[in-house]
Amino acid sequence: MLCSLSARSRRAFGKLGWCRGRARSSARMRTRTPTRQRVGSHILGPRPESNGAVAHPAQLSADPRRRKTIPASVMAPAGTGLVPLLLAGLASRLALLIWAGWQDTHMAVKYTDIDYFVITDAAQAVLAGGSPYDRATFRYSPLLAWMALPNHLLHPSAAKVCFCAADLGAAWLMACLLERRRAPVAWVKAGLAVWLFSPFTAVISTRGSGEALVTCMLLGMLCLLDAGRPLLAGLCYGLAVHWRLYPIIYALPLLRNLAMRRGARLLSIPGIVFGAAAAAAFLTLGGLGYHLYGHSFLQETYLYHLGRVDPRHNFSPFFLPTYLASGGGAGISIGGVFGAAQALLITVLGWLHAADLPYAMLLQTLAFVTFNKVSTAQYFVWYVSLLPLVLPRLAAAHNRGQLLWAAGMCSAAIAHWLAWAYALEFLGWSVFLPVWVAGLGVLLAKSWLLACLMPVPQGQASDGFLYGKACKKKIT
């Protein structure tokens, strides 16, 4: 009997211990983050630790138990402390607008870009009841001419004010995206400073170039994807492609990124919704433009840019062969080989780096601008606008020194090219060959920078931007 009681006691106590073990295990499971939330935290950044601290993006390790932490006070909402930066950016642009008015009036070399006068003339044609394409060399969306109507109704610099406002709007969207990536406030401020005080962005917008408008559309697309709105994000993307054709290069990483969250390779329900919305927006705006302005709209807005070559000097070394070919077949054949290699590189980069969407877009844009047959200063804004989103990842890269050297060489090569271009355009010197050699230097420097960027690992300072939250949420 004692043996029987002892056996029953052992079974009872064993069952009790098993239940306690299950209870402790259940309690641990309840305190852990759910599976979907853990997957989503890879998108939005590191999850909070139990002691109230947050894992620093640059200190993430492959083993979660070895993650170093920083105080939670280092992390703050994107709006904290950013108002002075935005106000400083606004003040600098207002000062440049005032200077532009004075220089255009008193100096032989105009501050305002010649394209701004083209846009203003196109708006005058629309105001008179005609077509914006009645103005020669207007090769943009008619929406840009309509936006420039206040130049005649209010002030000649009204469109410039809109472009500067788009600069500030882009900065706000960057702050929102960096906050979603759980970037420390210091990196948020650094990213905004890169955008707001870069000479390319501040000067180009105040000279009258509307590249910041496309930047706002693309950043808005990323924000909407992150918020779980693939339909609205697709509409933004379709508008951006209508405005400027180059964002079409992002189609592959966008679709692959959305598909990866569903375990697919290229297509998913959110991706189909996104693509259908983008196509609808693009075709609707294109149909409206064709209905209003006919074939001239298609030719000047789309077809011209697909086969554009420019014999005038620009950052691309391809300008001199085009100039020497004088419309012959040599320039066309060289351009075809150059374009095929460029398209292949852009496709490979988009496919391989689609898990981190802003990073893939940065690499694709840099490759497109570097190897394009025409490259102007406005094109630099396209990849500078994506740089703030990947700064934390670059800061954690093992080849930070190489990246800094490559960036410095790019800046020096661009400054060298600008010196020769000034001598050619404004001093009238016959320096076509030095300009071409300087263009080769820019090409080599940017190629080195691109090569340094490609091997940067993903798992240390980037959340991956897989947009799993967008795929899991209700499609609107």
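Including glycine, each Cβ sits where the backbone N, Cα and C put it.
TrEMBL annotations: computationally assigned, not manually curated.
If you check TrEMBL, you get these features:
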- 25-35: compositional bias 'Basic residues' (COMPBIAS)
- 25-62: region 'Disordered' (REGION)
- 74-102: transmembrane segment (TRANSMEM)
- 157-178: transmembrane segment (TRANSMEM)
- 190-210: transmembrane segment (TRANSMEM)
- 230-255: transmembrane segment (TRANSMEM)
- 267-293: transmembrane segment (TRANSMEM)
- 318-341: transmembrane segment (TRANSMEM)
- 348-371: transmembrane segment (TRANSMEM)
- 377-396: transmembrane segment (TRANSMEM)
- 403-420: transmembrane segment (TRANSMEM)
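For the transmembrane segment (157-178), the list of distant contacts is 78-79, 82, 85-86, 89-90, 93-94, 97, 100-101, 116, 119-120, 147-148, 150-151, 187-188, 191-192, 195-196, 201-202, 205-206, 208-210, 212-213, 215-216, 219-220, 222-223, 226, 358, 385, 388-389, 392: same-chain residues at least six beyond its ends, Cβ to Cβ under 8 Å.
Listed by sequence, the residues of this chain that lie at least six past the ends of the transmembrane segment (348-371) yet keep a Cβ under 8 A from its Cβ atoms are 177, 218, 222, 225, 246, 249-250, 252-254, 256-257, 260, 338, 341-342, 379-380, 382-383, 386-387, 389-390, 393, 443, 446-447, 449-450, 453-454, 456, 458, 462, 464-467. Counting same-chain residues at least six beyond the ends of the transmembrane segment (267-293), those with a Cβ under 8 angstroms from any Cβ of the stretch are 131-133, 141-143, 225, 230-235, 237-239, 241-242, 251, 254-255, 258-259, 261, 301-302, 470-471, 475.
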